[in-house]
Structures are given as C-alpha cells and as structure tokens.
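Listed in TrEMBL for this protein:
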type     : residues : note
COILED   : 935-962  : coiled coil
DOMAIN   : 48-148   : domain 'TRPM SLOG'
DOMAIN   : 241-454  : domain 'TRPM-like'
TRANSMEM : 484-501  : transmembrane segment
TRANSMEM : 608-630  : transmembrane segment
TRANSMEM : 636-653  : transmembrane segment
TRANSMEM : 665-687  : transmembrane segment
TRANSMEM : 699-721  : transmembrane segment
TRANSMEM : 742-765  : transmembrane segment
TRANSMEM : 827-852  : transmembrane segment
TRANSMEM : 882-902  : transmembrane segment
C-alpha cells in the first residue's frame, strides 16, 4: 500500500510537472513591424485587442482560491479543474461529479443538505487539517464549493470542465485542446453575427494550433456549409510554423487557392521569407546571385522567380502574373480547375523555395498532377544542392529529393497495378503548365533513373519508339523473322506492310475515331487491360483503335455496327476479335498507300534501322575513299564530303530541337562534335577535293581521312548499339572502365613506363648518341612492353662480338662494343628488365583487372536503371529525326523549305518568332489535358498513398504506444483498486453502524414498553443489561446483538464479540488478590 501511494504521488508530480512545462513553454505573442512591409508578423496574436478570451485553470488550490473560482463563474468565465492534483480541485471535481450523477442535479436539496454537504465537510477536514476545529471556516469553504457547482451551468452553457488525471483518456499534451473546448462550451450562440463569431473561433484555434478542435467545435456549427474561410486566416496557416493540419483542413473545406494567390500576395509571401536563412543564402544569394541588401523589384515574379524556376526545372516563364490576376478575379483563361491546379503548383514551389517540406508534402496530397509535381519538386531539391555549402543541409535536400522521387514512382506504380491505361495516359499528358513536357520528359530532365526504369515508363518508351505502327508476330511454320528484318523489308518494299504492320490513325484527323473515343466512358477505359498491343497516342494521351477492316468479322466496334457472329459482350468479345485479327495474314481495308508509307517512315524504329543502314553504306564509301591509292578519286571524295555535310546538317537540326524541347540531353559534347565534324569537312575539302598543296601534303590528307574514318566508326558504337538491352548496359560499364579505371591505371603506370624506358635504354645502349632515334627507341621499348615482352636485346647479337671496345684514355666509353647500336649484356640489364616487367606485367595489369572487376560488381545493381535512362535519350533522339536519313534528307529539307514559303505566301508568320523557328524544324505537339474524372482519380491516389505511408510509419511506433496505453490502463486499474478498497472499508463501517443503530432502536423499544407497563413485570421481556455498551468501567464497545439472536435459537455466523479482559491493575486493591489471571496472555 505504501508503494502504491508512492507511485500515485510520483505520477501526480509528473502530471503537474507537465502542466508547468506547458504553461512555461507557451510562446509570448508579439508584434513585429517590418519597415518595408507594414504588416503583422505571422506569429502575432490574431485576436483583436478589445476581446481576449480568458480560461481559468485550477490546479490543486486552497481556501482562498474558492472565492476566485466563484467570482469567475459568476462572471460567466470558463474554468478547467484538474482532478487528481489535490486540494480544492479534487473537492470541486468531487462535488461536481456527485451532483452531475443525480437526476435532479443541484436541485435535489435533500441529497445536497443531508448527504453531500456532510461528506464534503469530511473531505475538507481530511484535505485541510487546519479547518477541522474551525467549523465556521469549514462550512463557508463548503458553501463556496457548492456555489461553484451551482454556477457551473448557466443559461444552457457549461462553465466548469473537469479533467481527470487518473483517466487514460486525459492526455496533458493536449491541454490546449481541453482549454479551447471549455471555452467553446461556455460561448453563447450569436445568431446575428455568427459568421464573425466563427471567424474569431477559427482564428483562436489557429493561434493555439488545434485543428481537431476547429473541426469539431467550429466547422460543425455550420452544417449548411455556408461559412467561408477568410484569406488572411489561410495566409496565417501557410506562413506560421506547424500549421499544416489547418491548411489540409481548409483545403478539404473547399478553400480556393487561385482566389487567394494574387501576384501581390505571392510577392509578399516571398518578401516575408527573405530574412529566412535558407531562402536568403540558397535561393536569393546562391541561385539568383543577388546581394544581401538587394531589394525585391516590382517585377520579382516575372523576372527573378521565373528565372529561379527555370534554373531549377528548365521550364520557361512558369508563372504569368497577368494570368494569376485574371484567375483571381474569376475571369479564367482556361477554366477554374486549371487555375486552381496552377495556383496549387505555385504554392508548392513557394513552400519548396522557403524550405517548408512538410507543407509541400501536404499540398502535394491535394494536387491532381501528383506525378508531375513530385518530379518537379525532386528536381528542384536536386538543383538547389549545388548552391548549399553546409553538408547537413545538402544531405537534407538530397533526402527530400529522393523522397519526392519515391512518391512519384510509388503513385505511378499504384496506378499501373490498378489501372494501367490511366498510367499510360498520365505519362502522355502534355499541358502548358509544364511547357508541354510529359512526365517522362520531366523525369529525364531531373535524371530520375528510378522513375524512368519503372515498367510503365519503359512500356511507354517502347510505344513511343514504335510510333504509329505495330509489328505483328506471324510465324511461317518453323521460320520466324526478326523484328529488324521486318522493319527494313517493310520500309523499302511496300507489299510486306500489308502482312507485318498494323497502323493507327491520329484521332485529330479521323472524325469517326474521335467520336468513338469520346463515346468511351471513363469506366470503360478503366477496364482496359493495358497490354502491349494497346496504343497510346503521344500527342493526345488517349487510345484510339487500330485501323480495322469495316467488312471483316473482327470489326466489332465501328459506327455502332454488330458483327455477323455474336461472340458475347465485354472483354470476351474483344479477345475473340483479337484472335481473329491475329490469324489473318493480310490486313483488310488498310489506310491509303501514301499514308502507310508516311506512318512507316516516320516511326522512330524505322528511322533507327534506316539511319543505321545508310550510315553503314556511308562508312563503306568512306572506307573506299580512304583505301583509294595515291591522291584518291575526286568523284568518290565529293560523294563522301557531301554525305558528311548532310549528316552534320541533320545533327545541327536535331541538336537545336533537343535544345528547345528537352533540357535533359547534354548539348556541350554535341556542339563540340559538330565543330569537329565541320572542321573535318573543311580540311577534307581543302586537302582532297581542292588539292591545296601549300597547306596540306597528300599524305597529311590521307592521315586526316584515317582519323575521320576512325571517329565515324567509333561513333556508330555510341549511337546505335546502346539501344540493345544486352549491349546497352555492357557499353556503360565499358565506358566507366575506360574513363575512370583505365585513367587511374595509367596514372600509376606512367611512372613505371617512363622510368623503365629510360633505365633500359641507358643500360642496353650506354654509348648511344643523344638524338631523336634514342627517344624513339626508348618510347617504343617502354610502351610496347604493355603488349609484348621484348627480350631479344638482352641476349645480345653475334655481330657485336667482333666490335668489342678498347678503352682509350682520351675518349670515355661505357659499353662493351665500339658499335653503339650493339646492346650491352650482363647482370644489370637483366635485373632492370626483370623489375620493370614484374611491375608492369604482374602487378599493374593485375591491378587493372581488379579495378575492372570492382567497377562491374559495383554497377551491377545500377546498370539496368542507367541503361534505361540512356534508352530514353536514344528514343527521343530518333523521334525528333527527319523521316529520311542522309543523303535522302535533302528531300525533307526541300519539303520544309516549300512549307515555309507557303506560310509566307499565306501570311501565317504572325506567330511569335520562337514558335516560327521551332516549326521550321518540327511540328509542335498540341497539348493534351486529362478529364476531370482522371484528375480526381490522381488526387485520390496521392492521398491514399500518403495515408498508407503514414500508417506504415505509425506501425513503427505501435509497440511504444501499446506500452504507454498499458501503463495508463495499469495506473487506472491501480486507482480503481484503491477506490474499491476505500469503498469496501466504507461498506464495512456502514454495516457496523447499521447494526449498532439496530441495537439502539431495540433498546429504545424495550424502554418504551417498560414505561408503558408502568413498572409491571412482563414475562416476555428480554434482558438487555448484558447488551449495554460499553463494558462497565471501560470504553470498549460491545458487539451489538439484535433481539432475535438473544435466545440463541438461530445460528448467527457473523457474531464476533470483542475479546476483552480487564487488566488486574484496574481493580481495587482489596479485590486484586482475588482476580484470576488472564488465560489468553
């Protein structure tokens, strides 16, 4: 029992300490006026000066506190009583609970006067020993407590709230919520200005950071949902720290960000964060290069902010201040949903640039483009690492970048498993918000290998690589043709296209297919299985049917016609149609021939093989030009030079297109390669075609051609081989081995080669004159020892034996022979050669193999993802190439020139210069937006992902929470045990009192009967003197015996009289010798 009391007192002290810490850690709100912006600081008190809510908190308390509490209640101010803290708090909580449990409450006067007050007086005497003898003060104290209980409810409002520390439902960490709930329970409903009252209540919950109270006590007061959240309250929620739950609550209540986010407010948001260390050092000074005292210009959004976004994402003019203003006024440039979507993205970027990752994640949950936004945020965090010097901050940004990348990949994976067609659609989405870049393009710009290596992205790239064609897998018995053979054969011959190729039409140019596509509901799109044969339109993001024969049996879905045979409905019907199509050899009713040829030659896979074939033909001509004897063949040189010029022109055009559309493709080496090829063409023309002998000799021209031939052959490896799933990862490993491992190997080997070459030359030919031939021999011997083992010089030469040298005093000779070309033999040449070959052959070459093996094992896990990222670059490269390879590309240039002349004649040059320049080289794709149902689907998917992630994180702490709950329940059980023990003692005492009262009543009864008999002896009277208490001459109480048990005719098992023996010393001295000894002692 003592241990239990110690535990309870310890827990009580801990709870009181929590309250003290909470009260001491409350922030003092103050006003901070900025000279540049005369607005309130986000952490200032939001309530007006003339209306401050007051809540009294009673912890323990004494005699004088009762008067203060009563005055507060009379003034209708809420009071929170902490039961379990002792003193007045426990007394008031006891009285409040006792009254609350009575049906009539405080109106039950008999219970209050006869029972509650008496019990309350006993508790006062117990808790306040100094009031035991002062009846007047004790009764006054008791009456004040009862008055507090009487004023706890007034006019239907509750002004007294009790927190029970012994209850497991009471958590002092949420003390602010209990105080706010007590305040709201005491408020009087104001039906005239309810909107203003709700604004004040919401502002109060925001100040106290209690979103649960705001939801349960504020928003539930408006069941009609007429309450509109003020813009200033939302601004405080996003600018103040740890208010993300309020932002989530406001957005779920329907707050429109585009109505709030005007250019002026956005500039002020950044202006407030200017003093923040992260934005100032990383964004303002690091990325933008401004000084500390540089002020925000009026064009900060259109200039600095857009420049910052472009530096981090590559998106030009992401924010348009005029568009923001128009959307805020309700005059939308597109529609309200698009305006809300763009404003949410801008607010997410503000959270990222001001280092509010928690807010950015919460806003991301409400985005209907979760994949695009997560990739953009991941890219920004990745780029901002370059402007951070602190290693901890850099690691934090890297972690956030990986986290948002994982969010995008996980959402895509969830959609791919749930509805693969929606996943394909979102990867094909192109909107002006992201400069018409797809999610795959954004991931490539961010070099996000994890996202690009996802199965859905790779299938999307495969569909993009195939273009508007699909290659059929038809077997001719045991003969099966490879895919490249089918593509090449169909590209150069027309007839095989009718067998092996299926085409799809662009819905923009086919009204029937457009109508059929629009007629498909979203539910039907969700039921599509998303196999590889489903075609994803890269420009539209919607799937269109293949060109099917209108008169064939397999045509089941065109112009609402029904096939001659009923195959059922739904998916089974589509499977039957697919089987029928696959069994057909020829395709009935194909597109027009010119369209088939165009679709075939415009497919990236066709470009890949045709460009490769013509490139090999070009290398054949080039090889013949190099091998041609003497000064070469001028006609052949002109062909090779012209072909090379067309290749470099195509390369320049392709590089320009990549520069305009894709920022992920590196351009430095491409530009350098273009300059080298142009230089080679100039030297080719001057040396071989124009025969400018003054500058170049014929042999020099031959050497230049050899260098060019080697370059164009090696170039084939980097352009065409990486597309292979086998050679692609292998080539990446080889590149790292050459550029990293071999370079490190050569750095160590150079020391051995140089020193060994000099030493061997000196000991083998000590008298060789210092000429160019000496350095040639030393270089030849040292470097070719990597591949050969020259030991013939160590054995000597027979011809040198007849030319042994004779020492002359006038001339110093070191070697053994007069002929300095004769190698000297002996011990030292062997020793120097052996140490050289040991280092070079056994140690360094073995080290090179070890470096290669380590690199291969280290990149084994990443090679596949790296190759898939390179595959994207190759697919994009061939997608943006012309349909015809060099030298046939000259016809494509003629078509482009004629098209441009036609536009000039038709006065269609009214577009911007940038757009006109781009259209000279390629047709800009028209953007595609998903439907509103699709956007809602992606928003819900992002929220489900975050909910699952939060549940997974909570599972990590579930054991700790269970232990805390078990400890709380154990404390509650211990308290209940204590209460039960006290109750049991009270029941025993009550039972004893009832028995005593019973005996007293019977005694009174007997006395009354005797008085009524007037002294007459009654035969039925019972002897009662033996039951008088206490024992004669003592204070020991007798055990009370009722009348029915006196005759001892009824068994009484509970009879337990007091065993008392009067001490011998208490008897008179004359009687003490006759007193018997106590046998019990």
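Here the Cβ of each residue, glycine as well, is placed from N, Cα and C on the backbone.
When each of 608-630, 699-721, 742-765 is scored by its Cβ pairs under 8 Å to the transmembrane segment (882-902), the top-ranked stretch turns out to be 608-630. Counted as Cβ pairs under 8 Å, contacts with the transmembrane segment (608-630) are highest for 699-721 among 636-653, 665-687, 699-721, 742-765, 827-852. Count of Cβ pairs under 8 Å against the transmembrane segment (636-653): among 484-501, 665-687, 699-721, 742-765, 827-852, the largest is for 665-687. Outside the transmembrane segment (484-501) by six or more residues, the chain places 469-472, 474, 585-587, 590, 593, 596-597, 600-601, 605-606, 609-610, 613 with a CB less than 8 A from a CB of the stretch. Taking DSSP states H, G and I as helix and E and B as strand, the domain 'TRPM SLOG' (48-148) has 64 helix, 9 strand, 28 coil.
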